[in-house]
Structure formats: structure tokens, C-alpha cells
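Shown next, in C-alpha cells, is the structure this report addresses.
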Amino acid sequence: MTVLHSVDFFPSCNASVAIEPRLPQADFPEHHHDFHEIVIVEHGTGIHVFNGQPYTITGGTVCFVRDHDRHLYEHTDNLCLTNVLYRSPDRFQFLAGLNQLLPQELDGQYPSHWRVNHSVLQQVRQLVAQMEQQEGENDLPSTASREILFMQLLLLLRKSSLQENLENSASRLNLLLAWLEDHFADEVNWDAVADQFSLSLRTLHRQLKQQTGLTPQRYLNRLRLMKARHLLRHSEASVTDIAYRCGFSDSNHFSTLFRREFNWSPRDIRQGRDGFLQ
């Protein structure tokens, strides 16, 4: 497995924060690093396999990656990221207690993937741009300024996560996307889902297409197919069982959609013929 080292990314041995844009981020094999990072998805789509679990990521997704987590990117489509790297929550010169603002693992569950709406994403970009502008400056005031900006970034992300509610359609769409990640195998009635998240069906279609580039049903099918591909690679369940577990009532229809999406059959994936990045 590839290991990325801080010496290759931080501008100096004293720097506590570094900005690493990926515009775009291509498919990248499983790796980990000796530093932590906050991955901010600007736009595009892709699959983020995080500690073996696949997540669909789109504009507004924020991922918190620790130094012992392993992850990879695959099936990327114009995926543009900005990575905010930091050595460790306790390696800041002017800040203490940052760990309390980061996601906390509880009973083995780590909430690694958050979502923010477009207005918050714009504020995030501004903070990151300010940090990036100061990267070449190593004096104490500049170091303190970068660390304060990092603190502001964490506060903004945490506040927007805690306050993500039904006050506007962008927030409701983010909640809907998070709901689909957990309920992708359910029979989805889009009229009922639109009502559940207080969206008109037209607004749901328009905003989801704007954010993901896909219609709601196309997005759901891709999500199901991604989950199925993960199970084909990492479980012994039969193709038919996997199809049903991922929300497909007809295994033949599943195989047709699968080949159309990936240009490989489920059997090809099971046998590793696609040359999956390890």
C-alpha cells in the first residue's frame, strides 16, 4: 500500500497546515499518510473507499481522514478536491483542544463524511484561499494567522454540520443524499421522498441534477451499482444475492445495468479482470 509522507507535502518542518489542490483528482489506489487531512469536494463525482467502505462523493462533501485511515478514489468524473493537510490535532503551535471540533469515533463508528451546502462551501473556499496565500511565510505572525484560519474552518464545518436542517432546499437536498447512502437498497418512491424532505419533485430533480450531474433515478442506480461492485470484490455472496441486497429485484436487469455502467460484467469484477487498484 502506498504511504504518503508529510515531508513531501508540507512547505517546511515547522508548518502545521498545508493546502494540496487536486484539480482534478484522478483515480488513485489505496493509500494512507503520516498526517491528517480534510478533503473538500469542490465539484464532480466519484467513489471514496474509506477503510474498505464505499461512499459516493459530490460537490459539498467533506471527508475527515486520520493518519491511520486508508482510502482510495475510483470512478471519478471531473472530481475536483482541495485537501487541507495537518500533522496532528496536537501539533499546532498556537492552538490546543482542536480534537474536540473534529468528528469523534463512537462504538467503532467514525462519522468521516459530512456535507455542506453551496453557501458554506463558498465560505470554506475563501478560508482555504487565505491559508494558501500565506504558505510561503514562516514567521510567527503568519504561522499564527494560518492556524487561526484553520480553527475558523473547523468551526464553520462543525457549525454547518450541527445546524444542517430543513431551513432551505439546499440543506434538505444534502439530508436527502445522506439518507440515500443509508437506504439505497430500499424501494424508493421519489414523490414520497420529496415529501419527506419538504421538496417539490421538480426542485428535487433540478437540484440533484445540478449537484451530481445525474437524474435522481440515475444517481440511485449508480449508488446501488457502486455498493454492489464493492460487495463483489469484498464478499463471497452470489451475484443474485448481491443484486437483491443492493435494491435490484431482477438479477438479469442488474447485470445489464452493471455492464453498462462499468463496461465489465459482475462476474468479471468478481474474478478481478478489471485490474482493480489495490
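Placement of Cβ uses the backbone N, Cα and C atoms for every residue, glycine included.
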Correct range for DNA-binding region (source Swiss-Prot, candidates 71-94, 167-190, 239-262): 239-262
Which listed span Swiss-Prot calls DNA-binding region, if the choices are 103-124, 125-146, 191-212: 191-212
Alpha-carbon spacing, ASP250 (site 'Interaction with sigma-70') to ASP241 (site 'Interaction with sigma-70'), which is rounded to whole Å: 10
Residues of the DNA-binding region (191-212) by DSSP state, where helix covers H, G and I: 18 helix, 0 strand, 4 coil
Same-chain residues at least 6 beyond the ends of the DNA-binding region (191-212) whose Cβ lies under 8 Å from its Cβ atoms: 45, 58-60, 166, 169-170, 172-173, 175-177, 179, 219
Helix-strand-coil residue split for the domain 'HTH araC/xylS-type' (174-272), DSSP-based: 72 helix, 0 strand, 27 coil
Mean of pLDDT values spanning the DNA-binding region (191-212): 91
